[in-house]
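Q: The following feature annotations were taken from TrEMBL:
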| type | residues | note |
| --- | --- | --- |
| COMPBIAS | 157-171 | compositional bias 'Basic and acidic residues' |
| COMPBIAS | 367-384 | compositional bias 'Low complexity' |
| DOMAIN | 2-80 | domain 'Ubiquitin-like' |
| DOMAIN | 393-432 | domain 'UBA' |
| REGION | 151-171 | region 'Disordered' |
| REGION | 367-387 | region 'Disordered' |
Amino acid sequence: MVTITASIEQNDDIFTIDISEDLTFDDFKAYLTAESGIEPKDQIIVLSGKEVNAEGSKTLKEIGFGDQEFIVVKKKSSSSPASSLGSGSLFEADQLGKQAEFFRQNILNNPAVRQQLTSTNPTLERYLDDPVTFKRYFLETLQHYQNQYDNNSSNAEELRRLETDPDNPDNQRRILEIINENNIEENMRHALDITPESFASVTMLYINVEVNGYPIKAFVDSGAQSTIINTALAERCNLTRLIDKRFRGVAQGVGQSEILGRVHSAPLKIENAFIPCSFTVLDTHVDMLLGLDMLKRHQANIDLKHNVLRIAEIETPFLPEAEIPKTSFNPSAFAPTVEEIESGVSFGKRQRSSESAVQAVFKRDSGSSNISDLSSASTNSSGSVHPSQSVFNFSDEKITNLMNLGFSREEVIKALKQANGNSEIAASILFH
């Protein structure tokens, strides 16, 4: 079912109908006759600024009618034949302006229609009392639906052409592609109307903490298995002397990353309280990540409603985006913007990095992410430590692909060494 708002030009009547999109165009015109008194042969139906010239046997869906459409029903006359509009021609600006004001007045004078329209489109309510802003909104909306109509018409035309030879395997594949594209487009339009906030970037969860008096903005990640600290920060916090190198090993997941050891306990200051915390020391670009081990140990509660973290009877707010370091892990930096989505930019054409090494390594739900048995895999029976050995031999293709992102050969090779040859992690390192 689709909802269509129709305006009858000759008597200034306006009404909303719920109708099946599988209804044929002839049956739809007959339905309009009952509402408007205009015979089907005398009807001129204008959709998105264009006269609809379609075969009567076609369905509304095939013609391009969607949900929440607005149409104008005009009556043919000898002095103003249908051909005067010209097939596919747009209304003149002054005609559209008059139509916008006519539409606005009808909504204002019809409380039932106003309630129905504003309930499905709350934005409309803000413009109704101002004819200038309403006209601008009306024209922008009309242009949007006209573009949508053009795209649908193009797909419908191609679909009809392909269906002339439905047994052709290439045609079958393309038909499935068109159907899938239309479904995705409809799903996205629905999401933009119902949950537009889902297209905005999400700020990651950071809190202010201190270790040995050194202030840190820590990344809170309940999907990470272990709490980590990078080597540079461990040095600044004077924790290097506490690193137990018997726990050296390799963190495996998407690529590999060397674990330098473990700090078994250090005082972590959150607000005015200190709680004991253990750290896995990892050479990574994230300063500190508070993982599930610590969150569960202290029975933490990530309260997104109030935007706070409650842990060990302490409450601390999550940092606003402006206070998060720009060099910190930020997956939204590579996500498409709403403007790019609405303008049709392909998701595949954007260069995205994978998650950081830490994220990829410690995700519990990845199925393949694990931390090597640090105590047994990295030590022999005598307790000596054998750090993992790496042989760096990168293919020219891998180096070239990363250089094409705008980095020098030296930068690419350095990043590949840090990522142990994994291209995706190397790309993440380069972009950070």
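Just so it is clear, glycine is given a Cβ too, placed from its N, Cα and C backbone atoms.
Would you situate these features in the structure and describe their surroundings?
A: For the compositional bias 'Basic and acidic residues' (157-171), the number of residues in each DSSP class (helix H, G, I; strand E, B; coil) is 9 helix, 0 strand, 6 coil.
Here the domain 'UBA' (393-432) has, by DSSP, the following mix of helix, strand and coil residues: 27 helix, 0 strand, 13 coil.
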Q: Between 0 and 100, where does the mean pLDDT of the domain 'Ubiquitin-like' (2-80) sit?
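A: Here the predicted model's pLDDT, averaged over the domain 'Ubiquitin-like' (2-80), is 80.
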